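Peer 1: Submitted below is the structure of interest, expressed as structure tokens.
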Amino acid sequence: MFGEHYSLPSEQVLLSQPPKTGLRCKMVLQAVSKVLRKSKAKPNGKKPAAEEKKAYLDPEHTKSRITDFEFKELVVLPREIDLNEWLASNTTTFFHHINLQYSTISEFCTGETCQTMAVCNTQYYWYDERGKKVKCTAPQYVDFVMSSVQKLVTDEDVFPTKYGREFPSSFESLVKKICKYLFHVLGHIYWAHFKETLALELHGHLNTLYVHFILFTREFNLLDPKETAVMDDLSEVLCSNAAAGGATGDGASGGAQGAQNHVKER
């Protein structure tokens, strides 16, 4: 290749300029090395996650809501309402709203742009019915989530809608599982597609949905704090004013950032 590139009418000319030829070869090798280093550092054409600024934490964006309603009051179990009925109703609603929110940016979430299901520096894997870990792209993961949740919420044996039907004994654990998966989807929207959400002017809807969802899961202990730690910085900013006695964001935020120094897998 180099012989063809530097072929000249006379060998004497080529031999009379060894320093220049050597310099060109060195420049070519440096350029190739630079490209390889760049592709290694940015496999998806993006900056490494640790260097990316979290646009969703910008005060100008976090204050955007579609309502100032006190969600802490909204999530409390009403009197004379069965707990399972309340969990079923809200879980189904969150599923539809999160599915709708994701659909607004789904065309930007592809196998090329989102090669893994990532939230901050945490990478999620899907587990099939046999418990086998499946590595998949973000759109594949979200499709698995939405399909499995759709199947559950439309199953009369799990989410009964007819009078006299009983909820299964495993209902609460199933709701916790659904909430965990829905949280992953919300987290991915913020982490990988907040810029698109911002461009569509739907960040106020996303923030409102997130606050409502997080406060609901906290009210009924539906999510393990270790599971939500990846988004603690955002949760504290958005929910501290909405939740009674909410803690300030400094301590929790610092802990979350410290936990994001390396890639985790779930």
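Note that Cβ sites are derived from N, Cα and C of the backbone, with glycine treated the same way.
Small disclaimer: the values here were computed from a predicted structure and weren't measured.
Per TrEMBL, the features are:
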BINDING   C109, C114, H188, H193  Zn(2+) binding site
COMPBIAS  246-257  compositional bias 'Gly residues'
REGION    246-266  region 'Disordered'
Peer 1: Apart from C109, C114, H188, H193, which residues in this chain have a Cβ no more than 8 Å from the mean position of the Cβ atoms of those residues at the Zn(2+) site?
Peer 2: I105, F108, T113, A138, P139, V142, I189, W191, A192
Peer 1: Measure the Cβ-based neighbour count of C114 (Zn(2+) binding site), defined as the other Cβ atoms within 10 Å of its Cβ.
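Peer 2: A 10 Å sphere around the Cβ of C114 (Zn(2+) binding site) contains 21 other Cβ atoms.
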Peer 1: Sequence gap of 6 or more, C-beta under 8 Å: which same-chain residues meet both conditions with respect to H188 (Zn(2+) binding site)?
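Peer 2: In sequence order, the residues whose Cβ lies under 8 Å from that of H188 (Zn(2+) binding site) (at least 6 apart) are C109, C114, M117, A118, V119, A138, V142.
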Peer 1: I want to check the contact list for H193 (Zn(2+) binding site): same chain, sequence separation of six or more, C-beta distance under 8 angstroms. What comes out?
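Peer 2: I105, F108, C109 - these are the non-local Cβ neighbours of H193 (Zn(2+) binding site), listed in sequence order.
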Peer 1: Across all the protein chains here, work out how many other Cβ atoms are within 10 Å of the Cβ of C109 (Zn(2+) binding site).
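Peer 2: If we count other Cβ atoms within 10 Å of C109 (Zn(2+) binding site), we arrive at 20.
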